[in-house]
């Protein structure tokens, strides 16, 4: 933190989404509705799982934790973005900027591991049903959630370990609507090329590997259920499809933004909007699960 205290930059200027008054109104209404739907939908999921004894199972325990993380992921930057849409001068303090970076990587790192945990849960349930109760015990479920938050915390600390000591002594304009780490470190007064490569390797590549692991698990599940009854295959396929949609919408923008550094900033903004509002897909995914639960 000592390096951060010697920084000449006390705040950053965010360029936001657009300067067009018409588009500002459109974005304000759209993202306000998205954010409200995300929060209400995820709150409904949490309350439903909490007060429904028949949903007290490993799958719904992990699902409720996913809803909690999605609420956090939707809230670390979206409310400020909505409030700042009509502001002429959009600024954020140095400490606020670092906080956004911290929470972004904390929640995304946690969600990546939790999605892998949910995939593992479905793999055991479908491929090894006789061992499901013994493998997915209460201690295992709690351990998976704790491990998710631990990995998320370690990931975000590695991202901030060097960033806090970078000298920010001049430029302070971030061409985005929140403090995205790759854009922020470009404002440092020293060459950050090596740090940028480190970020890509620990963010984009990790996301890509995690996505491939999840894809492999889905393929394994589909191969396993191929010879099962049509009813069982249909339910398993529906569950995996819903899960894969959420995974694709979560990992897609992340991988594209961090791996393809040549993509235009305007495109990155659009993908970041989808990335920060991914929480709105979790209620749809959850309700699909609950519908299948009632049918089963």
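Cβ atoms here come from the backbone N, Cα and C positions, even for glycine.
These numbers come from a predicted model, not from an experiment.
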(request) Give the range, chosen from 205-224, 265-284, that TrEMBL lists as transmembrane segment. (result) 205-224
(message) With Cβ-Cβ distances below 8 Å as the criterion, list the same-chain residues six or more beyond the ends of the transmembrane segment (141-161) that contact it, or say none.
(response) 58, 61-62, 65, 98, 101-114, 117, 120, 181, 199, 202-203, 206
